[in-house]
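Worksheet: one structure, shown below.
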Amino acid sequence: MRIGFIGTGVMANAMMGGIISAGVCKPEDIVGADPTEFGRNKTKEQNGVEVTDNNLDVLEKCDYIFLTVKPQYYAPVIEGIKDHVKDNHVFISIGAGVTLDYLGKAFGDKSVKLVRVMPNTPAQVGEGMSAACPNEFVSEEETKTTLSILAAFGKAEIIPENLFDVVTGVSGSGPAYVFLFIEALADAAVVGGMPRRQAYEFAAQTVYGAAKMVMETGKHPGELKDMVCSPAGTTIAAVRTLEANNFRSAVIEGANAATEKSAAMRG
Ligand SMILES: NC(=O)C1=CN([C@@H]2O[C@H](COP(=O)(O)OP(=O)(O)OC[C@H]3O[C@@H](n4cnc5c(N)ncnc54)[C@H](OP(=O)(O)O)[C@@H]3O)[C@@H](O)[C@H]2O)C=CC1
Ligand SMILES: O=C(O)[C@@H]1CCC=N1
């Protein structure tokens, strides 16, 4: 199987990295396309794959093709490739807010096989979370293959398309909120005198371990929080202050702003 990427920016490189590390295919079985020499060189250096300046080369050489340009470039990119689509092509679109309906129309309402996907950057280290929704022209076998590509860089689930804006706000954009939290927690360690490098290790491992507890114990996050809060102890003092500063509301409103932005990107 050969996998293509039209647009080799941040998210394409993260997914390529995950796919290669998992051994789903070798670097020589991945083809990217990018308009700038800088972009092409960066991807070649990062992932050792072939990168062309011609999007049609990707259609020529690949079956499963990720559309990984920014949402505003979908129209010109699809205009340039739509007359060269063949039966073996499955297009995997990751653009925030870009719907299957929009994609179908852009390809000229032909029976083009499309899967809408929302991945996230932890794909780069094999810990991504992807949502997928195929259109009616994708066979069960092709859906399975798409999920196996996505599973190479983390977890992947079929989700109804009406939840894609929410998924974008939670798992698509979510790593950024977690990085902000890790940065802030590490800053607190630095305030207390810890060297910065060590502070990132302590903050990141704390987030990693807490996430693993949620995944592995099946306990409610509130119960796990209560287990940390000794009566009259340090943690409940911090929880009190965080609640007074609207910590949870800030997170809910932040993720909701991303969800609303995803919906608004359709215009
Ligand atoms: N970043 C993330 O965490 C996530 C992003 N996404 C989605 O992924 C998509 C890409 O985002 P991201 O990787 O962050 O953005 P980037 O800007 O890093 O990547 C986009 C790439 O597309 C290239 N490009 C521009 N025009 C064309 C064209 N006509 N043909 C081929 N390639 C082209 C750009 O080239 P150059 O810059 O060299 O001009 C760039 O390398 C977006 O639609 C976004 O919504 C989805 C989930 C998570
Ligand atoms: O910020 C963005 O628009 C993209 C989509 C989800 C994550 N990054």
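Including glycine, each Cβ sits where the backbone N, Cα and C put it.
Taken from TrEMBL, the feature domain 'Pyrroline-5-carboxylate reductase catalytic N-terminal' applies to 2-97. Among the features that TrEMBL reports, NADP(+) binding site is placed at Ile6, Gly7, Thr8, Gly9, Val10, Met11. Per TrEMBL, the feature NADPH binding site maps to Asn55. Residues annotated as domain 'Pyrroline-5-carboxylate reductase dimerisation' in TrEMBL: 161-265.
When Cβ neighbours within 10 Å are tallied across all protein chains shown, the highest count among the binding-site residues Gly7, Gly9 belongs to Gly7.
Close to Met11 (NADP(+) binding site) in the fold, though at least 6 residues off in sequence, lie Thr68, Ile94, Pro119, Thr121, Ala123, each with a CB less than 8 Å from its CB.
Using a 10 Å Cα-Cα cut-off around Asn55 (NADPH binding site), the binding-site residues Ile6, Gly7, Thr8, Gly9, Val10 reduce to Ile6, Gly7. Reduced to three states, the DSSP call for Thr8 (NADP(+) binding site) is coil. Cβ neighbour density within 10 Å is lowest for Val10 among the binding-site residues Ile6, Val10. Of all the Cβ atoms in the protein chains shown, 29 others lie within 10 Å of the Cβ of Thr8 (NADP(+) binding site).
According to DSSP, Asn55 (NADPH binding site) is assigned to a helical segment.
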